[in-house]
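Q: Quick one: structure below, then a few questions.
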Amino acid sequence: MTTLTLNTSLLSSRRILAAFSGGLDSTVLLHQLVLWRERHPDVTLRAIHIHHGLSPHADSWVRHCETVCERWQVPLVVERVTLADNGLGIEAHAREARYRAFAQTLLPGEVLATAQHLDDQCETFLLALKRGSGPAGLSAMGERSPFAGTLLLRPLLRETRKTLEQWAVRHGLCWIEDESNQDDAYDRNFLRLRALPLLQQRWPHFPAAVARSATLCAEQERLLDELLASDLTDCITAEGTLRLSPLMSMSDVRRAAILRRWLAMRNAPMPSRDALERIWQEVALARDDASPCLRFGDHEIRRYQSQLWWIKSVAGQHETTVAWPVWQTPLALPAGLGTVQLVPGGELRRPREEESVSIRFKAPGVLHIVGRNGGRKLKKIWQEQGIPPWRRDTTPLLFYGETLIAAAGVFVTREGAAEDKEGVSLVWHA
């Protein structure tokens with residue numbers, strides 16, 4: 001029986017989606033998973049190929065992958081992605097698009113298997129070192145990682161590229177060669193083509209030693225997670241915001257570790273030391289009457305009520321009006337704010353036949369809301385209800401004609417209150 005080189009202890013799941021580029025590494029991975037399936041007939045195996053459109057050979061690569069999967073009786077999903085310039089660089093953007101496609105393709109109960117190996121681990125470590133990363137970044141890749149509500153497995157992570165080549169030759173496998181892999185303008189290619197061969201010539205076991213260092217860094221991070229668990233419980237609210245008061249008495253090092261872990265929990269990119277310092281100085285310690293904001297790509301960190309918030313950047317909609325001619329059907333909101341709909345059963349009256357329905361994001365004058373005596377301006381209501389400033393001109397306001405009826409999830413006006421049991425509710429799916 002052929003001895004598999006992949007780490008079969010990872011393969012407890014019986015439903016596997018294999019990332020399959022058609023290159024050497026993923027071909028060996030898929031071949032070994034096919035052999036694994038032969039030994040375990042209850043295993044369901046699929047493959048996914050990402051068509052980036054970056055190479056003139058991309059279509060022929062799809063045909064190659066289809067041929068291989070047909071021969072091995074593996075259902076293949078081909079996903080075409082479009083790469084736009086978002087400032088990340090082509091490598092990072094291609095990876096982001098690739099993993100987004102993986103997440104969208106995974107079925108319930110399915111795990112993702114990718115073909116990274118020991119040499120890839122070494123490259124990842126050195127790239128993190130070049131960026132000045134700490135232990136978290138230097139932990140590189142784990143054999144098992146959370147991903148899209150399931151797991152990402154790297155069963156070949158302990159094997160060298162040479163081992164995979166030997167397997168492929170011994171079993172007569174065919175694979176494609178991506179011409180971009182020979183372009184040392186890319187950092188990872190530079191390491192693989194130029195730097196690592198020199199290092200391995202001097203120290204043959206260099207990749208294995210680097211992998212051990214990555215493992216030690218990962219262990220240190222897990223230890224820190226354990227030691228800081230009670231701090232995180234004290235600092236993080238049920239809404240996922242970060243309380244500032246417990247951080248004030250912490251050492252700089254401890255506070256930075258808490259900030260990093262909070263951002264990781266919000267799926268934010270790992271911040272540099274300079275970024276952490278800016279978060280603390282420019283946002284956390286800003287004047288009490290300020291509304292500080294620090295942008296990170298398409299997200300931002302803000303302070304409100306002595307808490308830090310990690311939020312998606314959304315342009316204010318202060319001047320926007322969205323007509324809702326058929327209020328019985330859901331309405332799409334601008335700027336990625338989601339949808340609203342009026343559903344039967346609730347405390348809002350239905351619109352009268354002569355009343356037009358619209359969604360707006362500002363309301364002038366003095367307002368009277370249900371459950372409160374006296375009138376207030378909208379700004380005062382937002383403050384009383386604890387609505388953060390950045391949500392005040394992105395929260396949908398329901399109007400019948402020129403009359404404000406309700407703010408989604410916040411309040412109902414007296415003019416909008418239902419007088420019978422035929423009321424409706426304004427539901428906002430953000």
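Glycine is treated like the rest: Cβ placed from N, Cα and C.
Annotations for this protein, taken from Swiss-Prot, read as follows:
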type	residues	note
BINDING	SER21, GLY22, GLY23, LEU24, ASP25, SER26	ATP binding site
Q: Could you check the binding-site residues GLY22, GLY23 and say which one's CB has the fewest neighbouring CB atoms inside 10 Å?
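A: Counting other Cβ atoms within 10 Å of each of the binding-site residues GLY22, GLY23, the minimum falls on GLY23.
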Q: In the three-state scheme derived from DSSP, which category covers SER26 (ATP binding site)?
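A: Note: SER26 (ATP binding site) is helical by DSSP.
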Q: Do any residues at least six apart in sequence from ASP25 (ATP binding site), in the same chain, have a Cβ closer than 8 Å to its Cβ, and if so which, in order?
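A: ALA115, GLN116, HIS117, ASP120, LEU156, ARG161, LEU164 - these are the non-local Cβ neighbours of ASP25 (ATP binding site), listed in sequence order.
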Q: Within 8 Å of the centroid of the Cβ atoms of SER21, GLY22, GLY23, LEU24, ASP25, SER26, which other residues of that chain place their own Cβ, given that this set defines the recorded ATP site?
A: PHE20, THR27, VAL28, LEU29, ALA115, TRP175, ILE176
Q: Using a Cβ-Cβ cut-off under 8 angstroms and a sequence gap of six or more, which residues of the chain neighbour SER26 (ATP binding site)?
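A: Same-chain residues close to SER26 (ATP binding site) (Cβ under 8 Å, separated by 6 or more) are ALA18, ALA19, PHE20, THR114, ALA115.
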